[in-house]
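TrEMBL annotations:
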- B:20-40: transmembrane segment (TRANSMEM)
- B:52-71: transmembrane segment (TRANSMEM)
- B:77-97: transmembrane segment (TRANSMEM)
- B:109-127: transmembrane segment (TRANSMEM)
- B:158-178: transmembrane segment (TRANSMEM)
- B:212-233: transmembrane segment (TRANSMEM)
- B:239-263: transmembrane segment (TRANSMEM)
- B:275-296: transmembrane segment (TRANSMEM)
């Protein structure tokens, strides 16, 4: 993380870009050729979590803010998309057997007779796409403003974001008539008349998703390379010094939290498109904290590592739950403990420690990457 | 919200719901006390706290089965034996966990959070493998069954009264241990200034281990009490963990009095609202209020003033 801009800047750029190209080749060429459409759709689903993991790399890895509520933003993004698709699937012709035609089926089951006001704007695709990014970012802004301006951070922030995840889940499950309840919004069919359930559509969506992911990685890379990125690292390691240097620390934290929220939301929207439904089971405490482990396994400091970590954990989850369902929780628990105690920088850390030096031994002036267990300022550790 | 109820009925409703709230309060207090010791005093986030509680509940379940089949004469008193066993089992596991895991992570609270979450997943699966996924309940001895009629419209269940009495007793014991004994003085000294405490000859590592064990042990007792008012399943602990953390944070992390006060406020608000609104709305409103208050007053209700 501590990138030395004088020496090795060129080498680092090459390394990062090469890594991204490699990932792009894997996602766009190797996987589509090697997997059938069912498995490819599954990889597409995993990749939507990678958006969340990317956000966490910036938010948690770079800036040291652990949010245990990324599922909130993933869910809101997904729900915004699902609301648009659901409205399109509930045209008056398609729902004429209902007592109130033209509203989503679950509303009809819950004796609603008119579309709630907050559903109205979701008739428009443009609005929905803007909402996918804007609503979570706005929520993150409000939460961030309230917390970071009052210098709430660390574990308190983690617990409160977790509480928000719990609140939102209870709200969605409880307000069945407005949100579809525990089942979520299901039975989504078309996007502007284009059937998203066909194999062909799934293939197209997979490529869109992969392209978006690469785009987001580049964007994150840009943020991390910028001065902003360096300030984030500085405030993670010595917040007070950054503050005394005249920066408003809270604003940077709010920005990175909103940015991570928006990324998660894009992932959520792509999830809805590829999987065809959205439910509160992707919002709550358990999925939110699982998303943190994707990032942690890949390496909380590495953008590419987070993507690989997400793929790996989800692949392992699918494999294990298909064949040994009872082993999965053990494996997951062991992952949490192992990643924290044995390799805190995840796969990327292992790569940088063992493989990278062998790959480019001749390179002169390469700065070693310090073991970056996130440094906790002594005063937060002591209270 | 209040339409259709006469004044007397409203009084009874508030009394009954208030009592239901008091039972919830007892469970909260027992869970939160353990957590307040571990989180407030040690700064460790133990996400597996709920599982330590459930371990206590399962110990009680085993104990009740064992005693009713081998020594039925002891059955009326089995609960006290079970409680001690639950304390020992959870406390011993807690000390083991502290020794194997937590002590390496004291300076990384966020990582402790993730590691203990992993531990909680493992424990849940262990419970599921050993006891099955179905919820289990214990048979209460006769003297705990039934209820006391206070007035014509107000009745209070005896097991609830017992749990409340138990909570009070445990709270007093913990208060005495933490604030009146030499050992508790050592604990507080270590938490307030680890380096100085070590310098004056306190074995800080040992204090850490026993403190963590004590917190987990109390969770075990909480689980034991929990079996009297609800049934136990492998994931029951997870349902309470966020609520409990909010209770502790809301009360002010380092203050045991604050923990009790906030447990009281939250449980009463929730159970009173539950009668008039739906359960989920009541829960959402309670949690939202707590979170908003925490945003306005991040240090919690009660603050322990310590010079650093």
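Backbone N, Cα and C define each Cβ position, glycine as well.
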_Contact between the transmembrane segment (B:239-263) and the transmembrane segment (B:77-97) is defined here as three or more C-beta pairs under 8 Å separated by at least 6 residues; is that satisfied?_
no
*asked:* If I count Cβ-Cβ pairs under 8 A between the transmembrane segment (B:20-40) and each of B:52-71, B:109-127, B:239-263, B:275-296, which range comes out on top?
replied: B:239-263
*Hey, which bits of the same chain come close to the transmembrane segment (B:109-127), Cβ under 8 Å, at least six residues off its ends?*
43-48, 50-51, 54-55, 58, 97, 101-102, 234-235, 237-238, 241
_Contact set, same chain, for the transmembrane segment (B:275-296): CB under 8 Å, 6 or more residues outside the stretch_ = 1-2, 13, 17, 243, 246, 249-250, 266, 269
*Chain residues in Cβ proximity to the transmembrane segment (B:52-71) (below 8 Å; excluding those fewer than six residues from its ends, i.e. six or more beyond)*: 31, 34, 46, 78-79, 81-83, 85-87, 89-90, 93-94, 123, 127, 130-131, 136-139, 216, 219-224, 226-227, 232, 234, 236-237, 240
